[in-house]
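Taken verbatim from TrEMBL:
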type: COMPBIAS; residues: 206-218; note: compositional bias 'Pro residues'
type: DOMAIN; residues: 1-87; note: domain 'Gnk2-homologous'
type: DOMAIN; residues: 93-200; note: domain 'Gnk2-homologous'
type: REGION; residues: 203-227; note: region 'Disordered'
type: SIGNAL; residues: 1-25; note: signal peptide
Amino acid sequence: MKMGSSKPQIFFYFALIHLVIPTAAQNNCGNTVYAIALCSGDASPSECRSCINESRYDLLQGCPNQKEAIRWAWLKKCLIRYSYKSIFNTLAPDPKSGSYRVDSALDVEGFYNALRPLLDSLRNRAATGNSTHKFALQSGPAPDNQTIYSLLQCTPDLSERDCNTCLLSVQAFTSECCGEKQGGIFLAPSCVIRYETYPFYNPSAESPPPPPPSPPPELRTSTPGMH
Ligand SMILES: *[C@@H]1O[C@H](CO)[C@@H](O)[C@H](O)[C@H]1NC(C)=O
Ligand SMILES: *[C@@H]1O[C@H](CO)[C@@H](O)[C@H](O)[C@H]1NC(C)=O
Ligand SMILES: *[C@@H]1O[C@H](CO)[C@@H](O)[C@H](O)[C@H]1NC(C)=O
């Protein structure tokens with residue numbers, strides 16, 4: 001599925017929401033709420049809409065009186081957060097949360113040696129995304145005939161540098177908490193890393209390998225008997 005190809009769609013994938021609440025309805029901690037909603041770059045518009053709708057209810061029910069709160073629903077492909085202070089264009093690598101597979105890799109060191117360069121290259125691709133899209137996914141080979149599928153994403157209001165910093169920080173967290181695990185979802189307010197040894201996204205969303213260099217046209221047309 002092609003993502004971010006139209007403006008209304010982009011709104012659902014990523015929205016910065018700035019509400020001014022009437023002061024009468026507020027206690028004395030200010031009258032502005034800032035909120036960010038982010039859907040996974042591979043979510044369909046309907047997955048995104050229903051994830052944000054459900055998370056909004058969960059967030060308001062779970063945290064009715066908080067000045068700031070976050071709801072990570074990455075299995076359903078979104079996160080939403082709000083705060084009384086501005087959170088736009090602001091790096092937030094903490095707090096972090098992780099959920100991981102119970103199974104450890106058979107060859108822990110080999111798995112890590114395959115995972116690390118994949119995450120490094122995806123981090124670079126995600127960070128260099130544009131202002132509506134800081135997202136990358138790809139798979140790569142791992143020991144024991146396994147394949148690692150991985151997805152990295154920042155809220156696209158971050159600068160390239162802040163996105164890179166956030167993802168590096170979550171990457172460090174993954175190896176501290178769950179280095180020997182075969183997969184998991186690792187979250188910060190500003191960025192997300194997921195990797196698994198099964199395709200948790202539609203593999204057709206991966207960017208195709210670069211096309212092989214085509215032979216110069218002169219050679220083709222000058223070769224007799226080719227048609
Ligand atoms: C939004 O979520 C609420 C509560 O879960 C549900 O009742 C409602 O039907 C949902 N609306 C849409 C448009 O999905
Ligand atoms: C941002 O990048 C995405 C993916 O490469 C692309 O689809 C989208 O059109 C770009 N948006 C802008 C505003 O350049
Ligand atoms: C990996 O694949 C190769 C070739 O298909 C096979 O010979 C080998 O037994 C496989 N190894 C494992 C651990 O499954």
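Keep in mind that glycine also has a Cβ here, set from the backbone N, Cα and C atoms.
Look at the domain 'Gnk2-homologous' (93-200): DSSP puts its residues at 39 helix, 35 strand, 34 coil. Summarised as a single figure, the pLDDT of the domain 'Gnk2-homologous' (1-87) averages 73.
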